[in-house]
Amino acid sequence: MTDPTSPALRAEALEQLLTERGLVRTDVIDGFVARYESDVGPLNGARVVARAWVDPEYKARLLADATPAVKEVAWGGGANGEHIVVVENTPVLHHVVVCTLCSCYPWPVLGLPPSWYKDPAYRARVVREPRAVLAEMGLELPPEVAIEVHDSSAEVRWLVLPERPAGTDDLTEEELAALVTRDAMVGVAKVAAP
Amino acid sequence: MARVSDLGGAPGHGPVPAPDPAEPVFGERWEGRAFALTAFTIGRLSGRNLEAFRDTLDRLTPAEYHDSGYFGRWLHAAQAMLVASAVLAPGAVDARARRLAGETVEEPPDPAEPAKPDYSPTAPGSLREVEAAPEYAVGDRVRARKGARLPGYARGRVGTVARVQPAHVLPDTHAVFAGENPQHVYTVRFSARELWGDGDDVVVTLELFETYLERA
């Protein structure tokens, strides 16, 4: 780690310069990092999805006005979550989310975006050839399924409500939430049956 | 010239990296530090705002933008905003990084005093109330003209208003501290055929500000 242009050294340099000037504190940085490593993550979105699967009235509220509905079951609001819109995947319509200009993503419900979401290949290609990109990522959609790609170009943050897998009628809301993946809530995967 | 951040539809990109369900939030320690330092830089240290951050990202060189990934570009942008606000001297981060690498380097003196933009938000976040009624309604046909947050691939293209969203501060002026100028924002649906000339049964939606649009 002796390349002075490496991001690791530049990050350390910046942290030193700001702490020496009393502008940030190391323990505050530690706490901020830990919060996004453990508290803010896709479990929040999974709880929202599971509730929508078991409670039709909740689902109706969620699809009509997601921002307050999300707050009923999970922490919402704040950075990258001021206005959340939920769209429902069905057997004939598939939604998938991207931000081609940066990597806007609904942090309160999904945490920070994964590598593939931030990758220039995903940002460049999913608006141009979504069917091919989804197939590469392991989701083969039949040709009769229409696709809507949501390019998050302002402060609206999109969350996909995936289809509930068959054979899950006996599961509790908590068990259902454990099935829901981050990738399904961005729209690049389906939720698999247990 | 195309903006460095405007990647939608750009040719020449290979496969998307395979998703890894076990991927850590921060792959390396420095990424978490860069994330926090940048968040604090945007939030209070530089006096700059979220749109100024996005605008700064857009002004990075392609190497700065791409070489160290997402948090690498955040770090470059944080540094640029702190220098622009005269919190740090130009070259200060580089000099310190070189000292950390074992080089003998003189560090530049601090700027005499910070020169942060004179701006206080009228409300938290980016959403605002706008008194005027929205110009467009669901179902209206609109053409995307131009705007800071209009991806190049949709410029000049015609779509249909699908949703009227809450009004936002306008990135075009807010990024450069020329006013929040909140506007109505619309989710506009474009057919893939309109955007690319092919692709049946594919729709792309964008959130576009009122002045980005004209009636079609």
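Just so it is clear, glycine is given a Cβ too, placed from its N, Cα and C backbone atoms.
Record features, source TrEMBL:
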BINDING   A:Cys99, A:Cys102, A:Ser103, A:Cys104  Fe(3+) binding site
DOMAIN    A:8-189  domain 'Nitrile hydratase alpha/Thiocyanate hydrolase gamma'
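The Cβ neighbour count for A:Cys104 (Fe(3+) binding site), using a 10 Å radius over every protein chain in view, is 23. The average pLDDT for the domain 'Nitrile hydratase alpha/Thiocyanate hydrolase gamma' (A:8-189) in the predicted structure is 95. In the structure shown, across all protein chains, A:Cys99 is the one of the binding-site residues A:Cys99, A:Cys102, A:Ser103 with the greatest number of other Cβ atoms within 10 Å. Taking the centroid of the Cβ atoms of A:Cys99, A:Cys102, A:Ser103, A:Cys104 as the Fe(3+) site, the other same-chain residues with Cβ within 8 Å of it are A:Thr100, A:Leu101, A:Tyr105, A:Pro113, A:Lys118, A:Arg123, A:Ser152.
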